[in-house]
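Engineer: The transmembrane segment feature in TrEMBL is assigned to B:32-50, B:86-109, B:121-143, B:194-216, B:222-250.
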Amino acid sequence: MTWPNLAYTVRALVGDPLGRPQIAMSCRDKPLSNAPKDPDDFEQRLQAKLDARRSEEEARNRASGWAVGLRYGSDFMAGVLVGIGLGFAFDWFVGTAPLGIMVGTLLGFAAGTLNVVRAAQEVNAAGDKDAESRQDPRD
Amino acid sequence: MADATNPIAQFEIHPVFPLKIGSLDLSFTNSSYFMVVAVALTVAGLMMAMSRRALVPGRGQSVAEMLYEFVAGMIRDTAGTEGLRFFPFVFTLFIFILMANLLGMFHYFPAPGLHGFTVTSHIIVTFALSLLVMAIVVGYGIYKNGFKFLKLFAPSGIPLPLYIIVTPVEIISFLSRPISLSVRLFANMLAGHILLKVFAGFIVMLGAAGAGYAVIGVLPFFMLLALTALEFLVAFLQAYVFAILTCIYLNDALHPGH
């Protein structure tokens with residue numbers, strides 16, 4: 001945390017001695033620094049360019065819904081298949097048919113669902129990371 | 001004619017140098033040929049690109065550095081800085097799959113039989129790659145964390161009786177990883193190339209059907225054009241997905257128990 005940022009945080013937490021309005025403590029509202037924004041500042045212009053480019057890239061990447069769908073599908077299918085396979089193998093060796101394959105299928109469905117949930121979390125996390133990096137990376 | 005429009009013929013494996021040891025068929029096939037070409041092209045290309053080692057990179061060096069940055073960034077994002085010790089492995093895997101996918105986009109290629117071949121459209125290849133990933137994840141996970149690696153199958157913070165259900169589910173989920181990893185790559189490449197060939201077959205068939213039909217043959221041609229562009233995207237995307245999932249699984253080996 002840089003020094004002007006620290007002062008800012010303290011002001012947000014304890015209130016302002018001069019009675020200025022309370023500052024909302026959200027990451028988005030945090031200024032880059034307390035210096036006034038100069039439109040000719042190189043870093044400002046660079047940031048604007050980078051933002052524009054990133055949103056462009058994002059718009060292009062959004063077309064990969066097909067890939068995400070295929071990922072969920074294959075994850076779910078693999079879970080079910082492995083569950084059935086393990087249940088079948090258990091039956092084969094222990095001779096409990098058809099109990100093993102029944103339990104295996106149920107567990108396989110659960111594992112497939114777990115896979116899909118994990119995949120969805122990863123996809124969401126990637127989305128969040130994009131949103132984070134869209135803010136200023138310097139603070 | 002039948003062979004020209006057969007969408008499956010492109011996946012056939014032909015021996016180039018037949019070699020039989022006992023009952024084992026160890027022939028050098030067109031699949032092996034394309035793997036060797038992929039590796040040779042990658043090594044030669046990267047060596048050529050990096051031979052100058054200029055401070056201000058030229059075109060080739062820029063591409064090589066971009067590839068490096070891309071893979072390194074991917075590992076850092078998913079597995080942290082610790083994951084960078086797997087950089088050579090992930091980079092090799094990524095570049096090999098990407099090269100194999102892209103070589104598959106050639107219809108004709110200086111290869112035996114002169115036709116192109118997609119190495120990654122065979123599940124045995126992708127499955128072997130994903131088993132390699134899993135072997136490294138399990139091997140390194142046990143080497144680094146010892147018994148604690150098994151925590152992966154017993155997440156903390158749930159009531160004791162639930163472990164009877166949760167642990168088998170976690171084990172099945174773990175075992176399903178190599179399958180989903182390999183099936184995804186294989187299915188994408190197989191389906192894409194069959195689709196390309198089917199639409200290409202339409203053009204040939206319409207052209208052969210007679211004067212009136214040949215005009216309609218333009219329609220599948222444009223479809224083919226669009227699909228080819230899509231296939232280039234898929235070729236890159238699937239290599240990327242394979243590599244990033246490898247990173248995510250390696251992250252489990254580095255930090256089990258989440």
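Glycine is treated like the rest: Cβ placed from N, Cα and C.
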Engineer: Using a Cβ cut-off of under 8 Å, list the residues of the same chain at least 6 residues beyond the transmembrane segment (B:121-143) that approach it.
Structural biologist: 11, 13, 31, 35, 86, 89, 93, 97, 104, 149, 152, 177-179, 181-183, 185-186, 189-190, 193, 242, 246, 249-250, 252-254, 256
Engineer: So, does the transmembrane segment (B:86-109) come close enough to the transmembrane segment (B:222-250) to give 3+ Cβ pairs below 8 Å, pairs being at least 6 apart in sequence?
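Structural biologist: Output yes: the transmembrane segment (B:222-250) sits against the transmembrane segment (B:86-109).
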Engineer: Where else in the chain does the transmembrane segment (B:86-109) make close Cβ contacts, counting only residues six or more beyond its ends and a cut-off under 8 Å?
Structural biologist: 34-35, 37-39, 41-42, 67-68, 71-72, 74-75, 79, 115-121, 129, 133, 136, 185, 189, 193, 228, 231-232, 234-236, 238-240, 242-243, 246-247, 250
Engineer: Below 8 angstroms Cβ to Cβ, which residues of this chain, lying six or more residues outside the transmembrane segment (B:32-50), approach it?
Structural biologist: 16, 60-61, 63-64, 95-96, 99-100, 103-104, 111-112, 117-119, 125
